[in-house]
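> Straight out of Swiss-Prot:
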- 1-20: signal peptide (SIGNAL)
- 21-69: disulfide bond (DISULFID)
- 25: N-linked glycosylation site (CARBOHYD)
- 35-84: disulfide bond (DISULFID)
- 38-122: disulfide bond (DISULFID)
- 42: N-linked glycosylation site (CARBOHYD)
- 46-100: disulfide bond (DISULFID)
- 50-102: disulfide bond (DISULFID)
- 105-112: disulfide bond (DISULFID)
């Protein structure tokens with residue numbers, strides 16, 4: 001019984017005190033206006049949860065910053081979209097996260113909305129393999 005209680009307390013401590021914001025492999029749809037279709041590529045991005053809280057009483061002197069799992073460092077990779085017209089620019093550059101942390105969402109470089117379009121959204125409706 002004590003082992004079960006210890007395990008339960010350990011799980012609660014892990015959920016509250018330890019962030020699990022880490023790199024994860026994802027598949028995203030990339031599209032070029034000139035090519036009129038999308039392709040899927042594999043990349044890494046940040047996923048997980050971060051300890052945060054929403055205060056009941058708002059204090060204007062202390063801003064309430066919600067922490068989210070976001071990138072700390074990025075690199076950019078470029079891929080050639082196959083099957084584009086010869087006159088079209090078929091190069092596409094996309095971000096690859098190399099390090100993650102729990103921090104404030106930077107709306108200048110990230111979609112901080114509650115529910116974005118998602119990584120597999122394709123505005124053309126046609127995916128090529």
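From the backbone N, Cα and C atoms, a Cβ is placed for every residue, glycine too.
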> Provide, as an integer number of angstrom, the distance between the C-alpha atoms of residue 100 (disulfide bond) and residue 69 (disulfide bond).
7
> In the structure shown, with every protein chain counted, which of the disulfide-bonded residues 46, 102, 105, 122 has the densest set of Cβ atoms within 10 angstroms of its Cβ?
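That would be 46, with the most Cβ atoms nearby.
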> For residue 84 (disulfide bond), what residues in its own chain, 6 or more apart in sequence, show a Cβ-Cβ distance under 8 Å?
32, 34, 35, 90
> May I ask which of the recorded positions 25, 38, 50 is closest to residue 105 (disulfide bond) if we compare their C-alpha atoms?
50
> Using the alpha carbons only, what distance in Å do you get between residue 50 (disulfide bond) and residue 25 (N-linked glycosylation site) once rounded?
19
> Do you know offhand how many angstrom separate residue 38 (disulfide bond) and residue 21 (disulfide bond) by C-alpha?
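If we compare the Cα positions of residue 38 (disulfide bond) and residue 21 (disulfide bond), the gap is 29 Å.
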> If you measure C-alpha to C-alpha, which of 46, 69, 102, 112, 122 (disulfide-bonded residues) come within 10 angstroms of residue 25 (N-linked glycosylation site)?
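46, listed in sequence order.
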> Based on Cβ atoms within 10 Å, give me the single least packed residue among the disulfide-bonded residues 21, 35, 50, 100.
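50, out of the disulfide-bonded residues 21, 35, 50, 100, has the fewest neighbouring Cβ atoms within 10 Å.
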